[in-house]
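Features reported for this protein in TrEMBL:
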COMPBIAS  200-210  compositional bias 'Polar residues'
DOMAIN    74-155  domain 'Thioredoxin'
REGION    188-210  region 'Disordered'
Amino acid sequence: MDNSKVQNILEKQVLTVVKAVEDKIDEEISALDRLDLDDIEALRERRLQQMKKMVEKRSRWIGLGHGEYSEIPNEKDFFSVVKASERVVCHFYRENWPCKVMDKHLSILAKQHIETRFVKINAEKSLYLAEKLKIVVLPTLALIKNSKVDDYVVGFDELGGKDDFSTEELEERLAKSQVIVYEGESSLNASKSKGKTKSVRQSSYSSDSE
């Protein structure tokens, strides 16, 4: 057999092998493409389910009064409110200037953080509840998670000690206790807040002591 025929046979064999390899690669690429499409579809379906659950959550929250800053008329309703919502910020107030300042900020945050119920209750008309929760200084915010008071913000001590604190400073304080979901950057006014966390019993009477 002359060299030209051998060369032709070798070339055909090489082409056959190359074609087989190419076919195999094409098959694998096709399989990967199908897998990617399936993954994308699975991710899309998962995302749609997440969005659906979020819409359902928002509807339920709105039905419970989330998104608005409202007043609890009596002590009995307080227990109903904290049992219905996973996260509650309750402002114990009286008719004075410091409590009105707190009202202003809570009204803003209630609209921004629909995941949390923001309410207030008149401490002077809720003596049993105020005593049970050891409310001494007004304003006091009871930060409630899963039907239990988890933390307090007492007066303005943790907000710079004055009534000119920003809504962002209060927002960051509530986020610290994880009673709101907060993913923003630190407030530019955070340096104003130099007060250390204190319990109700340890707090000063700088805002309004009964």
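FYI, residue positions are counted from 1 along the chain as it appears here.
Yeah, the Cβs are placed from backbone N, Cα and C, and that goes for glycine too.
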Residue distribution over DSSP helix, strand and coil in the domain 'Thioredoxin' (74-155): 35 helix, 27 strand, 20 coil
Mean per-residue pLDDT computed across the domain 'Thioredoxin' (74-155): 97
